[in-house]
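Trainee: Before anything else, here's the structure in question.
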Amino acid sequence: MAVVVSNANAPAFEAKMTVYVFICVMIAAVGGLIFGYDIGISGGVSAMDDFLKEFFPAVWERKKHVHENNYCKYDNQFLQLFTSSLYLAALVASFVASATCSKLGRRPTMQFASIFFLIGVGLTAGAVNLVMLIIGRLFLGFGVGFGNQAVPLFLSEIAPAQLRGGLNIVFQLMVTIGILIANIVNYFTATVHPYGWRIALGGAGIPAVILLFGSLLIIETPTSLIERNKNEEGKEALRKIRGVDDINDEYESIVHACDIASQVKDPYRKLLKPASRPPFIIGMLLQLFQQFTGINAIMFYAPVLFQTVGFGSDAALLSAVITGSINVLATFVGIYLVDRTGRRFLLLQSSVHMLICQLIIGIILAKDLGVTGTLGRPQALVVVIFVCVYVMGFAWSWGPLGWLIPSETFPLETRSAGFAVAVSCNMFFTFVIAQAFLSMLCGMRSGIFFFFSGWIIVMGLFAFFFIPETKGIAIDDMRESVWKPHWFWKRYMLPEDDHHDIEKRNA
């Protein structure tokens with residue numbers, strides 16, 4: 001399939017969607033599958049009695065008591081740390097991964113990620129005490145930090161610009177598939193006593209092995225090769241992934257971008273310059289907003305949440321499987337729409353969509369779920385339905401676009417550093433939500449859904465006023481085509497920086 005990459009201000013680069021690029025995309029995106037599996041598995045394991053008896057006996061005792069506060073049964077800081085420690089480690093690892101991405105390349109960084117994943121899987125599945133369990137989660141976090149740094153950059157840099165949105169969302173698609181697989185594994189291993197939780201935690205080893213050996217088959221990105229002065233290799237790589245002979249214009253554009261990037265000795269300091277503020281601010285706030293939609297609170301703790309509203313253990317795990325299935329299907333919708341309707345439309349539509357769902361869930365719980373007892377069956381089913389509809393809206397918008405937009409808007413000279421900051425922000429806010437959600441649920445009860453509703457209003461307004469459309473724009477032409485025409489961000493495009501654009505046009 002051939003496409004011509006063009007926009008009003010950018011050159012046109014001919015490219016084909018080759019089989020080889022598709023294979024590279026699918027192998028790299030396995031990193032997203034592991035991330036999704038780790039998101040989904042922790043909530044289901046946290047609801048398993050064998051796991052709770054082994055590591056969190058106080059929570060297990062509370063869970064058995066019918067008259068225990070519905071909203072507080074699982075409120076335990078160490079139980080929350082089991083989930084959240086992964087994201088704390090990922091936060092730190094993403095900065096190290098930024099350096100390896102720049103110095104060694106995107107492919108070796110993915111290989112490091114797979115090794116960390118395998119170590120983490122061994123420690124968590126074989127854990128004999130809480131310390132060993134948490135250390136294993138930390139190693140998984142190192143893998144997440146390296147994988148989430150390298151994979152979206154890799155996908156953005158090998159994709160033709162007109163297909164970049166859809167191909168980049170494959171990462172988020174694999175995250176959702178990982179969550180679904182984890183939910184299915186949780187459902188079946190919950191009945192395997194007393195070591196079902198070990199099987200569930202050990203399952204992440206399979207995609208980690210696939211990523212480790214699959215990464216040996218994929219090509220390094222042309223941008224990464226040229227950035228490290230391997231110009232001839234970069235040119236051959238570009239010809240291979242584009243599937244056309246005439247790649248000289250795009251090659252020269254990448255070389256020029258790399259020349260400019262090489263003049264930046266401190267990319268993190270460069271991020272603080274006025275011209276870097278638009279992608280920097282948007283990249284950070286997208287990570288904040290993505291987490292404060294409340295999505296990971298639901299995905300982490302879906303089985304726990306469904307037990308809270310009255311489902312039994314098996315029914316709660318099955319409901320999580322249904323939610324995960326909706327998540328996957330809706331992500332396919334996002335892949336189809338993102339390069340057709342654009343990024344802004346999806347962000348704005350889903351903000352209204354998710355707000356309505358959160359309000360309805362909050363109202364039902366406030367009205368019908370007391371401190372003890374359970375919801376009636378009809379109300380519980382309505383909650384599950386609106387959780388699914390809510391997940392649907394997130395899956396085709398803020399989920400994938402929270403990764404896509406930062407990966408495509410930073411210029412090359414700050415791309416690795418800027419995306420490292422974005423990944424770190426994502427991991428930090430994910431850590432905050434994972435560590436605090438069960439305590440917030442205990443303290444705020446149904447009010448937690450109104451809390452997230454308030455955040456959805458804020459992020460919808462931010463998207464309306466401050467996030468420009470980037471559909472179809474070449475990745476190294478964002479400054480000229482996106483930021484300079486924007487009503488607000490153009491104030492940061494100072495005249496002294498215009499030599500960048502003049503040199504680029506001359507090249």
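Cβ from N, Cα, C; glycine included.
Residues or ranges marked as topological domain 'Cytoplasmic' in Swiss-Prot (evidence: sequence analysis): 1-20, 468-507. Sequence annotations record features per position, and here Swiss-Prot assigns transmembrane segment to 21-41, 78-98, 115-135, 138-158, 165-185, 199-219, 280-300, 318-338, 345-365, 381-401, 418-438, 447-467.
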Trainee: Restricting to the same chain and to residues at least six past its boundaries, which positions have a Cβ under 8 Å from a Cβ of the transmembrane segment (418-438)?
Mentor: 74-77, 79-81, 83-84, 87-88, 90-91, 94-95, 97-98, 101, 141, 144-145, 148-149, 152-153, 267-268, 271, 276, 279-280, 283-284, 286-288, 290-292, 294, 296-297, 300-301, 304, 402, 406-407, 410, 448
Trainee: Is the transmembrane segment (199-219) close to the transmembrane segment (115-135), in the sense of at least 3 CB pairs under 8 angstroms with a sequence gap of 6 or more?
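Mentor: Stretch pair touches.
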Trainee: Please average pLDDT over the topological domain 'Cytoplasmic' (468-507) for the predicted structure.
Mentor: 76
Trainee: Counting CB pairs under 8 Å, which listed stretch among 138-158, 318-338, 447-467 touches the transmembrane segment (165-185) the most?
Mentor: 318-338
Trainee: Of the listed stretches (78-98, 318-338, 345-365, 447-467), which one yields the highest count of Cβ-Cβ distances below 8 Å with the transmembrane segment (138-158)?
Mentor: 78-98
Trainee: Please indicate, using numbers and ranges, the residues of the same chain that are 6 or more beyond the transmembrane segment (280-300) and have a C-beta under 8 Å from a C-beta there.
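Mentor: Residues packing against the transmembrane segment (280-300) from afar: 39-40, 42-43, 83, 179, 271-272, 323, 327, 354, 358, 387, 390-391, 394, 398-399, 401-402, 405-406, 409-410, 414, 418-419, 421-423, 425-426, 428-430, 432-434, 437, 448-449, 452, 455-456, 458-459, 462, 466-467.
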